[in-house]
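Here is the structure we will look at, set down as structure tokens.
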Amino acid sequence: MNKTIIININSIVFHIEEDAYDTLRSYMIDIKKHFGNTAESKEILEDIENRIAEMFNERIQTGRKEVINLEDVQQVIQQMGRVSDFEESEGAAGGEDFHHERQAGQAPHIEYVGKKLMRDPDDKMVGGVCSGLAHYFGMEPIWTRVLLVVFVLLGGSGVLVYIILWIVMPAAETRADKMAMRGEAPNLQNFKRSFDEEAKNLSETFSGTGEHISRSARTAGNVLSGCLGLIGKMIAWIMLIFAGLNLLGLFIFYVFNMMNFFGLENPMFFPPLKGLSTNDGIIALTFGFLAIAIPFFALFFWLTRILFKTDKLNSYLSLTMFAAWIVSIVGIIYYCIATAQDFREKSTINVQKDIQPQAIYNFAEKDIRVLDASEQDSLQSKFNVQLDGQDLRNYLHRDISIYFESIDSLSQPYIQYSYSAKGRTYQLASERAHNIAYEAIQESSTFLFPSHFLLMKNALDRDQQVRVTVYLPRGARVRLQRSIEPKVRDISYWECLNNYPEEARQQQKYTEWTMSGAGLVCIQKPQPTPKEEEEEAVESKMKALLNEIKDRKDSVIRIGDSDVTIEVKDNSVRINTKKQEKN
Amino acid sequence: MIAENTQTQMRKGILEYCILSIISRGEIYASDIIAELKKAQLLVVEGTLYPLLTRLKNNGLLSYTWKESSSGPPRKYYQITAEGQAVLSRLDITWKELVFAVEISMQGRKD
């Protein structure tokens, strides 16, 4: 079975076998070079081509022999004569015309034949890229391979380079390609040599397979390459699994994130996407997915190609993928810049609300995510109507901080809300700040701070913040519920809580503070530590004892169970031990 | 080497003359010229003929016409021009002179 090529000589179509075509092509190239590039030579070449067509035509017998094979071409060349034959007959002619012609004809011979960068399928480890590069730069393939391994080890850049080169470099499949790859002029002599070599290799392979195997087992180099091949295969398998899992993960990530955009709520949401509107988010997510998935896909496909010897990817498809990858990278960069721009300006809006003076100001948090049937008409219902129980995560923000400041003791207490947001322009930022809905609710003496704030009109996440400052007159009593603790800044709730007796701490739902000139101060004094208590007890006992001694005129103090007594008598002290008494 | 060189020069010199005389017999196709030349053992490969024909044609000694072929592509049929005829008759004279010269120089040779 042979591959045939269809050629057209002088408007006649011939089917020609591949190797026959290569021979014919290099023959024609030789002839063209010989005759040079003049109007005259063009005519000569036409004549020769015509004659070849005619000779081919004579050889074709419809139904029996419809394809020109190598033998036909060789016979035709024999008949037409090789360039060396032409030279022989012309060389001695000595005519001026011929002299001129030969010069013109010689020029292409001297001309440097440029090498072509192609993959070498005959000498390949993986895709023949390294050996192709080695041919191109005229070095041993081992050095390009070592270089590649170094690049792979240095951050893996070699893998990407290799894949790109594999896609870009065509394989040297035909003999003419291989000669172009080695930089040999595609003339008949070289061609014949290449063909002979190949034939020799082929016969060797056929005749001495067994010998070949034993020889390869003997040479250390081959054993080494075999080991390297095995290790390479294992690495390839590991990388294949890695790339496959990555692709799968990326795909799941992509699908679930997409579902979020299309209203199917799920917990897998990539936070930076919150900064983009739905439409932009879909595009950016797709770009991001492609930018990461395409290299993994290329790696995956490349590895399957090595391991399972599957076909090469269609070059249009690979080019399309490459283009898509570039576009995705550019797209992501665009979105990054555009989004970053949208954080450039910051705008803050301050709103003041007076509050009624209270004997005790009670502050608590209200978790608006918890629904309470008895509070249908309160703030929560407002949220519920808007959110309809869905998409809460996209609308609720919790960047809320609460500060307490003191004012003159007779002033009217008030709460200041600072809403801030960012945007590309100041105006945009202030618009966004306007869209923040947040306010405390007063229930008798208790001020309830909602746990989250709302962004109206589907506003994008642009670093929206709410800062609440409660201005209270000096001396005011404040009770902070434990629930509000995460939002309170500047004061330490826990330090104050630690001042309460240990047994009560668990039950203690609030801490009490008073407003001083420098802010809130914990009312509860620190609890004495157990060691201090003990010392105190000892001290008071001693005091009592001394007082007792002072009151009496004389007394005997017996210390503990020991036999030592202290006798105080008429301004003199005597210390007795039992031993002394006995003596 | 010198012998070979002289041989090819001699062949080369008379090749054009022979081609002209073959064509002067009447309209003829290139491969028929080759057949004739092969018979005369003057030419071995066809490729050499085409440059010669082209040169003769460009010098105005030959002309050609395309003719349909029953099998295959149309063929170029060559014929001699008046100028070519004139050149040929001059070459005829030269040839006879040469033959005479060679005969004279060969006289008295032992082999």
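Note: Cβ is positioned from N, Cα and C throughout, glycine not excepted.
TrEMBL entries are annotated by machine, without manual review.
Confidence across the domain 'Phage shock protein PspC N-terminal' (A:115-171), taken as the mean pLDDT and rounded to a whole number, stands at 80. The feature domain 'Phage shock protein PspC N-terminal' is assigned by TrEMBL to A:115-171.
Sequence annotations record features per position, and here TrEMBL assigns domain 'PspC-related transmembrane region' to A:211-343.
Under DSSP, the residues of the domain 'PspC-related ToastRack' (A:388-525) split into helix, strand and coil as follows: 29 helix, 59 strand, 50 coil. Annotation source TrEMBL lists domain 'PspC-related ToastRack' at A:388-525.
The annotation transmembrane segment is assigned in TrEMBL to A:149-172 (among others). Remote same-chain partners of the transmembrane segment (A:149-172), defined as residues 6 or more beyond its termini with a Cβ less than 8 Å from a stretch Cβ, comprise 116-121, 126-129, 132-133, 178, 180-181, 295, 298-299, 302, 313, 315, 318-319, 322.
Here the transmembrane segment (A:235-262) has Cβ contacts under 8 Å with residues 268-270, 273, 278, 281-282, 285-286, 289, 292-293, 296-297, 299-300, 303-304, 306-307 of the same chain, all six or more residues outside its ends. Annotated transmembrane segment per TrEMBL: A:235-262 (among others), in sequence order.
Annotation source TrEMBL lists transmembrane segment at A:282-304 (among others). Distant neighbours of the transmembrane segment (A:282-304): 127, 159-160, 163, 166-167, 236, 239-240, 243-244, 246-247, 250-251, 253-254, 257-258, 261, 270, 273, 276, 310, 313, 318, 321-322, 324-325, 327-329, 331-332, 335; these residues of the same chain sit at least 6 beyond its ends, with a Cβ under 8 Å from one of its Cβ atoms.
Feature annotation from TrEMBL assigns transmembrane segment to A:316-335 (among others).
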What else in the chain is close to the transmembrane segment (A:316-335), if you only count residues 6 or more beyond its ends and a Cβ gap under 8 Å?
164, 167, 276, 280, 283-284, 286-288, 290-291, 294-295, 297-298
